[in-house]
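The active site annotation in TrEMBL covers 161, 318, 348. Residues or ranges marked as domain 'Alpha/beta hydrolase fold-3' in TrEMBL: 80-237, 291-351.
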């Protein structure tokens with residue numbers, strides 16, 4: 001316990017140091033934080049050495065491909081396109097997620113394509129979305145799938161957190177592409193971030209100060225993603241950007257009514273925070289707040305009806321819990337088969353904490369459940 005506390009204190013110290021460096025204008029704090037994550041992640045992989053790992057470029061986007069060895073009499077393998085999390089700004093296919101993708105490839109005997117989309121502050125929305133979409137569409141071409149011996153009818157698109165956001169947005173876009181001949185069979189979203197409309201859902205209120213992802217950190221990730229101004233953070237916290245007098249938001253309000261989309265066990269005694277008057281200029285300054293490519297939960301029903309069979313994993317101790325639960329309910333209402341896999345004792349980001357010294361039972365538990373669903377449905 002003392003060792004874990006010490007490591008946690010070091011991470012917190014590094015995090016504050018990053019912000020100090022940013023405020024001193026020596027560098028962007030996200031660049032420094034990413035460097036520290038990469039340094040902290042120099043850990044030995046526990047997966048099989050049999051997995052062949054290669055780096056490639058799919059339509060200008062870097063990817064890392066994990067291929068299990070061919071088995072006797074096996075012609076084609078199933079596959080997962082994986083989009084990593086990190087607030088659109090941190091981590092990479094080779095850092096933090098290398099081990100998860102190796103284990104997925106080994107456990108599922110599947111080709112896993114991990115997308116190395118560009119990060120904030122190098123680029124902002126919609127470039128991360130475009131990177132993920134281009135890489136996925138490239139992979140879905142018949143000749144590319146044949147090169148990797150992948151069965152075109154057994155492909156999933158998946159991601160966690162901000163990667164879950166990108167996976168959902170890409171899946172929606174692919175479903176509307178009339179020229180696409182090969183489409184994902186499944187989507188699997190791990191504690192996805194899906195909306196920036198309401199920062200006072202019950203899970204945002206309940207977990208506003210929860211470690212790993214407090215509410216103010218998630219709002220700052222959104223601001224960075226949209227290349228916005230941190231001065232807007234307070235207005236976003238109190239939902240000034242979607243007040244009743246903000247006309248641009250009115251048509252979306254019914255698509256994110258948590259009083260009807262959440263079960264009573266999640267709503268508890270929390271009350272909606274809906275301002276009568278707000279700041280319409282926020283939406284004018286950051287129109288992406290209502291862009292479904294950034295906020296897939298706000299998609300229209302006609303788009304949701306086109307989505308494939310879906311898995312959504314949520315954690316109780318997570319501000320994003322209700323994003324996933326509401327998306328599951330909206331997809332269900334649209335006629336999509338959905339598995340909502342909720343964990344009462346887990347926290348945001350837990351699935352990447354599976355290697356010593358951060359080998360938490362929550363990480364093992366969620367990872368095993370996620371892989372089991374893919375194995376049974378892909």
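Each residue, glycine too, has its Cβ placed from N, Cα and C.
Nobody curates TrEMBL annotations by hand; they come from automatic prediction.
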Tell me the Cβ contacts of residue 161 (active site) under 8 Å, same chain only and six or more apart in sequence, or just say none.
85, 86, 87, 190, 191, 192, 193, 320, 348, 349
Around residue 348 (active site), how many other CB atoms lie within 10 A of its CB?
25
Identify, in sequence order, the residues in the chain of residue 318 (active site) that are 6 or more apart from it along the sequence and have a CB within less than 8 Å of its CB; answer 'none' if there are none.
191, 203, 207, 210, 213, 346, 347, 348
